[in-house]
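TrEMBL annotations:
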type	residues	note
DOMAIN	21-399	domain 'Major facilitator superfamily (MFS) profile'
TRANSMEM	20-46	transmembrane segment
TRANSMEM	52-73	transmembrane segment
TRANSMEM	85-103	transmembrane segment
TRANSMEM	109-132	transmembrane segment
TRANSMEM	144-164	transmembrane segment
TRANSMEM	176-196	transmembrane segment
TRANSMEM	221-246	transmembrane segment
TRANSMEM	258-277	transmembrane segment
TRANSMEM	289-306	transmembrane segment
TRANSMEM	312-331	transmembrane segment
TRANSMEM	352-370	transmembrane segment
TRANSMEM	376-395	transmembrane segment
Amino acid sequence: MAGNVWLGVLLVDPQRRSLLLLLIIYLGYISLGLPDGTLGVAWPAIYPELKLPLGLAGTIMTIGTVLTGLAGFSSGWIISRWRTGPVVFASGLLTASGMFILSQAQGALWLYAAAIPLGLGAGAVDAGLNGYVARHYSGRHMNWLHACWGIGATSGPFVIGWALGSGQGWRGGYLLIAGVQYGLALLFLLTLGLWAKVPEIRAASGHGAEGRLPMMPANSLAGWLSPVIFALYVAVECTTGLWAGTVLVVRRGISPETAALCIAGFFGSLTVGRILVGFVVERWGNRRLVGLGCWTALAGFILFGFATNVPLATLALAIAGFGLAPIYPGLMHEVPRRFAPEAVQTVIGRQSGGASFGAAVLPALAGWVAQLALPAVPWLILGVMVGLMASIRYLNRIT
């Protein structure tokens, strides 16, 4: 009885209701990150048991990435029809079901089948949660939202590793993750009523909000430049995570174990950076922090291009990761300040789709470059980073 009274008071008070929903959204984004990275950890155990080709993992990842992009591009129409809460609930069911199918896999067709709900669910929930937080919460909360993805992306491989080491096997690890995600989907279902009761905010940030330039429609140049920018950003992040370790081991003589720690430092500084940015974004603003982050990341990538020993390589990747931290959440949170209200979810969906495209294309291109001239990979990343900075600068000028 007392618990019901407390819950009733919590849901009546607007601030407490907003806080409760924010915590649920954070859990949703941790859930979004959980599957990321698990296949790389589990694959050495999966492919010999199921008698599959070693390279099949790349095909599975490509299927999931393409479907994530399609779901992201379609999310504006989907959410306008069904609203954010139901879409997040359905996406939670899809990703949980994908994990469950993986845990029961008996061959390649099972893995292809698992990639379908995983890809569709991830794309829809990513765009849906980003759009909702951009419209209803501050830049601080957007940065912490993306830090939550880092928590999930770190936890997923840890769960698979624990399952492999404890005798549960990769199936047990995927089954545990599926159970967690089914539980979160149930939580989303039970709290559907909260989503419509949190008011939107319209922070005065950006030219459109200040009246110097009109708010952009979805089909403006800015509306199509935005997904290109997200493709470039995610291309930089994913290519660094995938190929920097190989560069360190093959070209610079660093052991695989030490190179793994360098890559962990890159993603660790990215997550910590987003947590710290959350404390200052209200004072400094998204655009200033994105600009500072770009220059910091550029300095880190230049240093990595010349790093020949472990301390310098570790420092370079940590600087690059810290610099990248504010870019994705900062650009995402600026969408309601650049675009007309009816265009916001459409543009955010395009950005999520563009991010998936960047994750699929540049790492593959870098692999082709690596086969021809591995030392050129850091400079390829640096070149894309320069293109990203130029694109952001132009977007700021026209919005």
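Positions of Cβ are set from backbone N, Cα and C atoms, glycine also.
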Determine whether the transmembrane segment (176-196) and the transmembrane segment (85-103) share at least three Cβ pairs under 8 Å, counting only pairs 6 or more apart in sequence.
yes
What residues elsewhere in the chain lie close to the transmembrane segment (109-132), defined as a C-beta under 8 angstroms and at least 6 residues from its ends?
25, 28-29, 31-32, 35, 52, 56, 60-61, 63-72, 74-76, 78-79, 84, 87-88, 90-95, 97-99, 101-102, 142, 145, 195, 332, 335, 344-345, 348-349, 351-353, 355-356
Which of 20-46, 144-164, 221-246, 258-277 contacts the transmembrane segment (352-370) most, counting Cβ pairs under 8 Å:
221-246
Mind looking up the mean pLDDT for the domain 'Major facilitator superfamily (MFS) profile' (21-399) in the predicted model?
87
